[in-house]
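Undergrad: What follows is a single structure, and I will ask about it in a moment.
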Amino acid sequence: MAAVVALSLRRRFPAAALGGARLQACRGAQTAAAAAPRIKKFAIYRWDPDKTGDKPHMQTYEIDLNNCGPMVLDALIKIKNEIDSTLTFRRSCREGICGSCAMNINGGNTLACTRRIDTNLSKVSKIYPLPHMYVIKDLVPDLSNFYAQYKSIEPYLKKKDESQGGKEQYLQSIEDREKLDGLYECILCACCSTSCPSYWWNGDKYLGPAVLMQAYRWMIDSRDDFTEERLAKLQDPFSLYRCHTIMNCTQTCPKGLNPGKAIAEIKKMMATYKEKQASA
């Protein structure tokens with residue numbers, strides 16, 4: 001019996017050894033494939049106003065995608081930490097909530113933290129600051145005018161009787177609350193406004209898609225008492241009516257919102273408001 005078992009083992013051993021060799025070869029091939037570098041080029045807008053004689057230019061960096069996270073912001077952070085500490089950009093939450101890392105990536109305005117790196121190694125990823133804005137440095141745009149416009153619409157609840165302020169809740173029906181969906185989620189990243197040709201040419205007077213969508217959000221809030229006053233502020237030829245429904249704003253919004261629709265709704269409300277004023 002022992003001889004039979006030994007013979008059986010000898011017969012099985014060569015097959016087991018062959019299988020083990022195949023497994024090791026397969027694992028070795030996988031390891032080699034995983035270790036093969038995947039070099040990706042990034043051409044990034046650079047300009048430092050504090051550097052004498054410096055002019056806007058593109059600077060190219062190379063990164064091995066095997067050692068980098070999947071998002072464009074991961075690449076930017078890797079470049080700043082490991083290659084060029086002078087590269088300047090905004091970032092904070094890294095999950096599409098704060099809007100800080102808004103920039104133009106491969107021709108479209110979006111958030112660097114939610115935009116995946118194009119893994120086509122033959123293409124250079126091009127990164128610019130938000131278009132048609134003054135640049136503070138590198139990928140950092142000056143949003144002073146944008147924030148001033150946002151402040152001008154008074155983005156908060158306004159009550160004509162404030163005697164009960166802080167004493168009771170301003171209740172809202174489920175239906176009225178649902179009207180705010182698709183509006184309050186705006187993170188003020190300015191991707192939409194800086195993709196709008198009308199805002200490019202009239203940014204000092206036209207409020208732009210982001211601010212107008214926020215204006216609409218407060219106009220239709222059932223708890224707010226200043227809808228007509230808010231409309232009255234937008235009657236001039238520029239604040240609202242420079243929108244020509246190009247719809248770049250809706251196409252580029254990283255949160256999937258529809259500023260163009262909100263602006264159209266304001267125009268409807270404005271028509272009703274003007275009719276009421278004319279008949280008064």
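In case you wondered, yes, glycine gets a Cβ from its N, Cα and C as well.
Quick caveat, the model's predicted, so the values are computed rather than measured.
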Undergrad: From Cys68, Cys113, grab the residue that Swiss-Prot records in the same [2Fe-2S] cluster site as Cys93, Cys98, Cys101.
TA: Cys113
Undergrad: Of Cys189, Cys196, which one shares the [3Fe-4S] cluster site with Cys243, Cys249 in Swiss-Prot?
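TA: Swiss-Prot lists Cys243, Cys249 binding [3Fe-4S] cluster, and from Cys189, Cys196 it also lists Cys196.
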Undergrad: Please work out the number of neighbouring Cβ atoms within 10 Å of the Cβ of Cys189 ([4Fe-4S] cluster binding site), leaving out its own Cβ.
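TA: Its Cβ has 26 other Cβ atoms within 10 Å.
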Undergrad: Taking Cys192, Cys253 as the binding-site residues to compare, which has the smallest set of other Cβ atoms within 10 Å?
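TA: Minimum Cβ neighbour count within 10 Å, taken over the binding-site residues Cys192, Cys253, occurs at Cys253.
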Undergrad: Of these recorded positions, Lys51, Lys55, Cys186, Trp201, which scores lowest on Cβ atoms within 10 Å?
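TA: Looking at the recorded positions Lys51, Lys55, Cys186, Trp201, the Cβ with the fewest others within 10 Å is that of Lys55.
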Undergrad: What does the DSSP secondary structure composition of the region 'Interaction with SDHAF1' (146-218) look like, as residue counts for helix, strand and coil?
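TA: Counts, helix then strand then coil: 32 helix, 0 strand, 41 coil.
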